[in-house]
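S.K.: Quick one: structure below, then a few questions.
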Amino acid sequence: MILRELSANSIKEKIIKREITAQEVVEDLFKWIGLKESLIKAYISLDKEGALLKAKEIDEKLNNGGRVGLLAGIPVAIKDNICTWGMKTTCASKILENFTPPYDAFVVKRIKEEDAIIIGKTNLDEFAMGSSNENSAFHVTRNPWNTDCIPGGSGGGSAAAVTADMAFMALGSDTGGSVRQPSSFCGNVGCKPTYGRVSRYGLVAFASSLDQIGSITKDVSDAALLLQVVSGHDCHDSTSANVEVPDYIAGINSVNNNLRIGVPKEFFGEGLNPEIESAVKNALGIYKKNGAELIDLSLPHCGYALATYYIIATAEASSNLARYDGVRYGHRSQLSEDNIIDMYSRVRAEGFGSEVKRRVLLGNYVLSAGFYDAYYIKASKVRNLIKSDFEDAFSKVDCIISPTCPSPAFKIGEKITDPLEMYLSDIYTIPANLVGIPGISIPCGFTTTGLPIGMQLMGKHFEEEKILRIAKLFENETDFHLKKPGLK
Ligand code: GLN
């Protein structure tokens, strides 16, 4: 048995039973990171010293018979757009290269209280804008299944770290798919909860009405565990929902009676890789064999989701990113300026990469006086139509199943010069963000070239428990989640 290959739940059990110490787990993990990180490059920063200190504290508590938290001794990686007190939070941008937050994000505070061990901050596309990790200002993370391929984005660092067994679980953020898409490309379980279920306090804002913190884990039980810890109301986030948090950990093992699964035709059309189509159809067959009823559906406005997203997301991004002006914090140009406007433009020209600039420009355009009604208002109306499509669907079914992405992980460099082609990789994940519903990607197969395939389950608002349970049913019947890339 190789320790680092265990699930988070299993390693925690071993630590609690004192079969191994938390310090041994951390030492073992950093030894492996030392061997493989130069190839995968999942992290922007690592904190071995901090991790060992926390591990020691947990070991002492356990040795003295003290109570430990739900994540006792589990090494966790955090996407580098989630604020960590005293640890740099760069958003993979030059503009925040030296920013050390004076506070912890809500989710970070929660996992620390539950005795998780934070081992480092993971790579992402700059400000979470991208689908491949290639927009990071620092380096490109590689997919552990094939290091010529991207790990997905924007949370490719978190997904690659979990797949390469360089973290037992990870936190990410999902604005249009950045938890689910990299999870599908790397063969993990990626869960984006309902908008408002998990506080965004301390998550660096990209598009505030779409952003949601989520989890990347090795299996569904680990997803339930992490979601249990980070869910709940927070008065620091005005969009945080004051809705009771069910017991996800116990819930995933309840029985699925009279399950009705919706299969939307718009998610199986043109552009879908045939190997992915057949893997998801096989998975649907497994549900059917287990007593589920498959119901064909149509979500007629989903064809407009991508266009709607790129208006709303860029509009919100242009407003959120206006704060990076070099005055209070962040990058400041070394060149002298004659006036404040020159200073702002120099700071932003030097600090932002090209994708961020493209989005700020697009966002300002769609919000500008002459175009606001034609683009932003129109997009908001279409968003409501997409929402009603899902409401209609959920009056007939318990969950909707689709592929997570139309293609498997692609080669580094393959799509970087064609932004539209890149944007298409989120076509199936974006609707859940526009509507605010929960979505989870689970492994459901491999291509003939050995790349993981992900399947997406979407549920009604606040019904994470149900989709986790339905995901667990599939996991119980298959072993895709147990496969490992050959990184020996
Ligand atoms: N790839 C999408 C984008 O670039 C989604 C990113 C995300 O979810 N953070 O906007």
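Glycine residues also receive a Cβ, built from the backbone N, Cα and C atoms like all the rest.
Okay, so TrEMBL annotates it like this:
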DOMAIN    24-468  domain 'Amidase'
ACT_SITE  Lys79  active site, charge relay system
ACT_SITE  Ser154  active site, charge relay system
ACT_SITE  Ser178  active site, acyl-ester intermediate
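On this model, are these features tucked inside or out on the surface, and what's nearby?
M.R.: Taken together, the residues of the domain 'Amidase' (24-468) have an average pLDDT of 96.
Of all Cβ atoms in the shown protein chains, 32 besides its own fall within 10 Å of the Cβ of Lys79 (active site, charge relay system).
Taken residue by residue with DSSP, Ser154 (active site, charge relay system) is part of neither helix nor strand, so it is coil.
The Cβ neighbour count for Ser178 (active site, acyl-ester intermediate), using a 10 Å radius over every protein chain in view, is 36.
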S.K.: Around the C-beta of Ser154 (active site, charge relay system), how many further C-beta atoms are within 10 angstroms, looking at every protein chain?
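M.R.: If we count other Cβ atoms within 10 Å of Ser154 (active site, charge relay system), we arrive at 34.
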S.K.: Please report the Cα separation of Lys79 (active site, charge relay system) and Ser154 (active site, charge relay system) in Å, rounded to an integer.
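M.R.: Between the Cα atoms of Lys79 (active site, charge relay system) and Ser154 (active site, charge relay system), the distance comes to 9 Å.
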